[in-house]
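Features as listed in TrEMBL:
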TRANSMEM  21-38  transmembrane segment
TRANSMEM  58-78  transmembrane segment
TRANSMEM  90-109  transmembrane segment
TRANSMEM  115-138  transmembrane segment
DOMAIN    183-255  domain 'DUF1736'
TRANSMEM  242-260  transmembrane segment
TRANSMEM  272-292  transmembrane segment
TRANSMEM  304-322  transmembrane segment
TRANSMEM  329-345  transmembrane segment
REPEAT    371-404  repeat 'TPR'
REPEAT    405-438  repeat 'TPR'
REPEAT    439-472  repeat 'TPR'
REPEAT    473-506  repeat 'TPR'
REPEAT    541-574  repeat 'TPR'
REPEAT    575-608  repeat 'TPR'
Amino acid sequence: MAQTEDNLDHDIPLWPLPSNWAKAVVGLLSIICFANSYDGDFVFDDSEAILNNKVAGIVGRADLLCALFFLLSFLGYCRALKESKCKEGTPFSIAWILLSILLGAVAMLCKEQGITILGLNALFDAVVINKLNILEVVLKILRKDKSLESLVVFRKGLLSRTTMLLCGGAAMLYVRWRIMGTGPPAFTEVDNPASFADSLFVRAINYNYYYSLNAWLLLCPWWLCFDWSMGCVPLIKSVTDWRIIALAVLWFCLIALMGQALRSEDSQKRRILTLGLGFLIIPFLPASNLFFRVGFVVAERVTYLPSIGYCMLITYGFSLLSKQAKRKKLLVAALLGLLLINVWRCVIRSNQWRSEEQLFRSALSVCPLNAKVHYNVGKNLADKGNQSAAISYYREAVRLNPKYVHAMNNLGNILKERNELHEAEELLSLAVQIQPDFAAAWMNLGIVQNSLRRYEEAEQSYWTAIRHRKKYPDCYYNLGRLYADLNRHVDALNAWRNATVLKPQHSLAWNNMIILLDNTGNLAQAEAVGREALELIPNDHSLMFSLANVLGKSQKYKESEALFHKAIKANPNAASYHGNLAVLYHRWGNLDLAKKHYEVSLKLDPTAAGTRENYSLLKRKLDQLQKKG
């Protein structure tokens, strides 16, 4: 191995660098590639993997961790064979082999493709360490040649090590089966359309087209998209489709490389090409749809490990060219140009990952037929308050995929807020018809029906949502609002209590309980609920305000005043807070402070009729007192 590396380093027409300098250059290039995104937002699935994840966000590093343990397993296997050279008479180090298998298991637990390191280690052992000619062995096996038993590699422990790797792989699969079972994940047609095609020809031709897309992304990573599903890559259904050319080019290149790897008279060339192709192909196999259906068309992350093989093949290709090139400076310029172009592309792409808006909009030019891209752009706009623009993107998502229930649900929500209730009801009804267990759509349909005063239908929709999602505090909250509108106070209180049991920080449910109990004259119970709520959510100014109102009515003026001031400190521009504090002072007889807070409240909200009326009453009273004085 050392001799091979020296030769390649010598062949490539670049300046030789000491090991530490080479590592520093690689590190510097990595920093340049990704430095502009270090302070970026959490985007796309980071929300679920990191922000909303309660044990740790390490799940968001699955691919990087898999690659780390994958390479550590490979290095451990190399160390096992190196140990045998240090100790004469020892074919290999069992401890290092076992450690390599253990690291492979950890890589698999991070990402399923990690298990492929075992096959790669076996290939490395056979081809590089034992210099086995694969074609020669295959031909001898087919011919049942007796000389096969005399091959020296079988006396160097290759079979023993391969058996250990096979047993380790079988043990990993068994443990995974015991933990996760045998059932495959449930994917839909929009995730991987080719895998749902009835025709074997259509499936095969599209799988191979997906391989060519992955190969192209390695060669020219310009078309990058956060999601390639939902019509991003239309199916090839006929041999007349021009995209079949991509398949022909891919297999022509692979067959040419494999031919050289198997038939070349240069043993070093065979070993390098075989190992490069091994790194390129073996880690990609779990994503190939050959063994099981995967949940994506193209996923850029699955080319992370295969890129090792790509770099090996590119490097070896340049070393071969440098031996024949007369103008080596031109070759050096081409190599450095390729490096700089890829660094530049990384800088651009990492900048696009700084925010959701940039990420989602960058996908529009790559996958304009992808409904999920339009959906995410629309969602991002809606979150920023730009509802008009969001509506157009949601409509386009539904047009591209008429069964996209999440787009229908979000569009229905916006239309509901704009009081376009009938269209909102149509969309939400269609969503639950397409996906009957879509709890969020059932709840939103209930809200629309409630707004249309179709209370029985709304109640039924809410309970359907709860049936499909047992722990649904927001639905219980909305159900409580429905019951409050129907003056079913006990049912409303029970619904809101359920919401706070499921989500103790549900401020709206607590507030509505306090207000309903206050309005129905149950001041003692309202006070108890308010105090319970503030123990759970001590910094919620709306709860302070509601409890302060209750305490004021119970003539606990001092405590009420303190809560009003805390609420105003937290939210000083709330006109109602100042207005109700003024009412408290008015009742309490502290008329000057009442006048001050009435005026502040009216300054913040001049249209508040109740506050203006109370202020007028106070002024008349102050005038009367002044005349008496």
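Positions of Cβ are set from backbone N, Cα and C atoms, glycine also.
Please treat TrEMBL annotations as automatic predictions, because they have not gone through curation.
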On the DSSP side of things, how many residues of the repeat 'TPR' (371-404) fall into helix, strand and coil, could you say?
27 helix, 0 strand, 7 coil
Applying the under-8 angstroms CB criterion, which one of 90-109, 115-138, 329-345 scores highest with the transmembrane segment (272-292)?
115-138
Which sequence-distant residues neighbour the transmembrane segment (21-38)? Criterion: at least 6 residues beyond either end, Cβ under 8 Å.
339, 343, 346-347, 350-351, 353-354
The answer for the transmembrane segment (90-109), taking Cβ pairs under 8 Å and residues 6+ beyond its ends, is 65-70, 72-74, 76-77, 79-81, 83-84, 115, 117-118, 121, 156-157, 160-161, 164-165, 168, 171-172, 175-176
Over the span of the repeat 'TPR' (439-472), how high is the average pLDDT in this prediction?
96
Please report, as numbers and ranges, the same-chain residues at least 6 past the borders of the repeat 'TPR' (473-506) whose CB is under 8 Å from any CB of it.
439, 443, 446-447, 450, 455, 458-459, 462-463, 465-466, 512-513, 516-517, 520, 533, 536-537
Per DSSP, how many helix, strand and coil residues does the repeat 'TPR' (575-608) have?
28 helix, 0 strand, 6 coil
